[in-house]
Structure formats: structure tokens, C-alpha cells
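Notes to accompany the following structure.
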Amino acid sequence: MMWLLLTTTCLICGTLNAGGFLDLENEVNPEVWMNTSEIIIYNGYPSEEYEVTTEDGYILLVNRIPYGRTHARSTGPRPVVYMQHALFADNAYWLENYANGSLGFLLADAGYDVWMGNSRGNTWSRRHKTLSETDEKFWAFSFDEMAKYDLPGVIDFIVNKTGQEKLYFIGHSLGTTIGFVAFSTMPELAQRIKMNFALGPTISFKYPTGIFTRFFLLPNSIIKAVFGTKGFFLEDKKTKIASTKICNNKILWLICSEFMSLWAGSNKKNMNQSRMDVYMSHAPTGSSVHNILHIKQLYHSDEFRAYDWGNDADNMKHYNQSHPPIYDLTAMKVPTAIWAGGHDVLVTPQDVARILPQIKSLHYFKLLPDWNHFDFVWGLDAPQRMYSEIIALMKAYS
């Protein structure tokens, strides 16, 4: 489990200053200590940063790359892309490889206006108009609220800022979940999406085998007793420093690599070892216990439903019915492209196969047999095997 890795990390880090361990450390990548705006500027791209306030009061940080390094002199509006990250991540992970291998930068260089959101509750979106992050009520959200409030709020902001009525949506993992919920329940929002690109879509969650699923065997009462009812896996500076040391060591980086395999599936040859410290330093960024319980609900119920509040009375209060509503994927009309990984132990090929017949607007599907759950954003061969296809589909559905 995550806490076992972190404990081991801290114990090992206590020895790093002894003997020759320091001689085995690679030079730390400067992006380890940078936020998203700083990473963008460091790579030579224009950076803009905005705060978006949702209808229910959450203040979300959104980053923008308005144009690429090769399009600085061109004028006129560019097609807009919005990117939504996975659980425990932030929007920096669209940019954590070198510029020629990061989807956010490649899209900007291909002529797109790139926007990247941060989900409520992560390090960069942990503010509210009236609530404090110490309030339990602040953390009473799951991907339901991210779909109902965050995504519409951010898209409205982008439309107003750019003057463009339609945009492309790219989601990874839980980012796809947010998109599918929003586009299947809000037709007016769906009409603003030119195409939905789903990378490792987390909808069916019946067959995961990764280490994180062991956590879902615990009763809700135990999870709440251990982790409380507020934030979950929030960013910790001491852990960040420790994990950076481990992942940057020429021998001990294998611990990071092995943990990633347990979490996401094995495909070590496709990960850039020299960037391991960057990957680990930007995660976890946190979410809510409430959100984790909703994902656990998907695992146990095998149904794509809204959050179950645990009793008929509370469900009636939230949904005007005794059971949480099922999200009907067949109602989504947005043209959709899906990529799945054959070695993905979190979103398995079996689970992806189960949802394909429900997506009536599926225009493209590809299974990458050797990919794990992280290859969609960090894979060395992602630019050739997937990113080029995304750009080609965008041009086809312009």
C-alpha cells in the first residue's frame, strides 16, 4: 500500500547521507520543485493562470498554454483543448516529460490553445468562497460534484475567455469519469464538445488487479476511522523530498519503478528513468475520502451510479429517490475516441471492453497491448503511438 512505500522511503532516506549513496544520485531535474506555470515557462512556452469559481463555491486553478513555441507570430483564434487529470494528480503531469514527449506541449506546438484543469481538493484547488479546508463540509464531494460543477464551470470560463463555443476534451483515468458523467447528464454541455478523448477510461471497475484495489476490501467504517472524513493522500513536503531522493538514486529508483508497476501495471521499458523524480514529486496531490468511497462503490456495486449516501432518507434528499441514479452512457452523444492498455491493472482491457457497446458515439478505439495505466501520460512511445492519433482525429473533427 501507499503508506508502506512511504514508510520504507523514509527509512531508506535516513541512510542516504551515509556511505556512498550520495554518489549514486542523479542530478535532480529542476521541474521537481516547479509548479505548472513554472514548468511551462521553463520549457519556453507562454503561460497563463486563472482562478475559476464553481457554482458551489470551490476555487479551481486552471493553466493555459495559448500557443506553442512555433506559433508565436500567428494570429487569430486557435482550436481549444481542455485536459482533465487523474486521481491524486495535478495538471502538471500533462507536461512532465520533455517538451517533445508531453501531450500538453505537443498540442500547443500543433496549433492548439491548451487548457489544463485541477480537480477540487488537490493541492492547487483547495480553496472555497466560504469554507475552509479544515471544515468537513469542504471535503463532502466526489467525482459527482467534479462533473456537475467543476467541468461546466471551467468550460464556461474557457468559452467566455476565448470566444470559441466548442472545444476538445481529453481525460485520463478519473478525468474520463468526470467527462462521461457530465456529457451523459448535461446535453447542453455535451454540445460544446467537439470530441471526447478518453485515455484509460474509468467507468467499469470490476476487474482491477492493482495494489490500490486491496484498499477497497476495507469496510467504509475502517477507512473513515484510519483516514478521517476529510482529505486523503494530501501532498506532504517531507514525503516529496524523501521520494525525490529515492527515485533519483541510480540503484534505489527501482523501488519507485516497482511501486508504479504495482499501482498501474508493468511496462518499465517505456518509462524514462531520468524523469522519475519529476513524476513522483508531483503526486499525490490529494482528494477527499468521500471521493475514494465513491470509487470503492464502483468496485463493489459494478454499477456506474451517483454516490450512495448509505440510506434511503439521505438519497431522497440528494436525488429525490431512494437509490442513487445510474449514469446512462448511451445518452452521451459526443463523438468519442478511447485508448486502453493491455498491461493496465487499474483500468483493465476487460473493463474497457464492457463499456464500449454502451458508447453509441464511439468513433475510434485502440488497445495498446503492452501499455500500463501511466503510459498514456508518461510513455516514451506515446507521441508516436497515441498523441499523433489524437492530433489527427482533432483535425478530422474540427
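Indices start at 1 and increase along the chain as displayed.
Each Cβ is built from the backbone N, Cα and C atoms, and glycine gets one as well.
Note that the coordinates shown come from a computational prediction; the quantities given were computed from them, not determined experimentally.
Residues or ranges marked as active site, nucleophile by Swiss-Prot on the basis of similarity to another entry: Ser173. According to DSSP, Ser173 (active site, nucleophile) is assigned to coil rather than to any helix or strand.
If you look up Swiss-Prot, you'll see Asp344 (among others) marked as active site, charge relay system. Long-range Cβ proximity for Asp344 (active site, charge relay system), meaning a same-chain Cβ under 8 A and a gap of 6 or more residues, is found for Gly200, Ala264, Gly265, Trp371, Asn372, His373.
Mapped onto three states, the DSSP output places His373 (active site, charge relay system) in coil. The active site, charge relay system annotation in Swiss-Prot covers His373 (among others) and is backed by sequence analysis.
In this structure, Cys256 (disulfide bond) is part of a helix by DSSP. Counting only residues at least six positions away in the same chain, the Cβ atoms of Ser243, Ile246, Cys247, Met276, Tyr279, Met280 sit under 8 Å from the Cβ of Cys256 (disulfide bond). The disulfide bond annotation in Swiss-Prot covers Cys247-Cys256, and the record cites similarity to another entry as its basis.
Per Swiss-Prot, domain 'AB hydrolase-1' is recorded for 79-379.
Annotated N-linked glycosylation site per Swiss-Prot: Asn272, in sequence order, evidence recorded as sequence analysis. Sequence-distant contacts of Asn272 (N-linked glycosylation site), defined by Cβ-Cβ distance under 8 angstroms and a gap of at least six in the same chain, are Asn97, Gly101, Trp378, Leu380.
Taken from Swiss-Prot, the feature signal peptide covers 1-18, and the record attributes it to sequence analysis.
As a whole-number mean, the pLDDT of the domain 'AB hydrolase-1' (79-379) in this prediction is 95. Secondary structure from DSSP puts Cys247 (disulfide bond) in a helix. Under 8 Å, Cβ to Cβ, and six or more positions away along its own chain, Ser173 (active site, nucleophile) finds Ala86, Leu87, Leu199, Gly200, Pro201, Thr202, Leu346, Val347, His373.
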